[in-house]
């Protein structure tokens, strides 16, 4: 069963992976997507993409360093999400904004939670 998308779209402790840097980055992703929702401009969309891509790169680095077994599948999900976000243009449609929010919620709470205590 999917997890609900918070409204307003803000990070809370239910999203903690208990790696402070990654939690801070997740918080920043939520903030930039929230800002894109409220001020649907090319600059905010670009910032959301950059913050998300940088986080994915760092998270993947941690996975490689820890020899995390789910790395390849996890990286593929990141690549597919970034490709989808690259296809967005501002103003981003409500459907695409919801897609991004829902994807992040489901990804963190199902996929990212798998690496808790393993990195």
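All residue numbers here begin at 1 and follow the chain in the order shown.
Just so you know, glycine gets a Cβ as well, placed from its N, Cα and C.
Quantities reported herein were computed from a predicted structural model and do not represent experimental measurements.
The feature Fe cation 1 binding site is assigned by Swiss-Prot to 26, 55, 59, 112. Secondary structure from DSSP puts residue 112 (Fe cation 1 binding site) in a helix. Around the Cβ of residue 112 (Fe cation 1 binding site), 18 further Cβ atoms fall within 10 Å across all displayed protein chains.
The Fe cation 2 binding site feature in Swiss-Prot is assigned to 59, 74, 78, 107, 112.
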For the Fe cation 2 site built from 59, 74, 78, 107, 112, further residues of that chain with CB within 8 A of the site's CB center: 56, 60, 75, 77, 108, 111
Fe cation 1 site shell beyond 26, 55, 59, 112, criterion: Cβ within 8 Å of Cβ centroid: 17, 22, 25, 29, 56, 58, 108
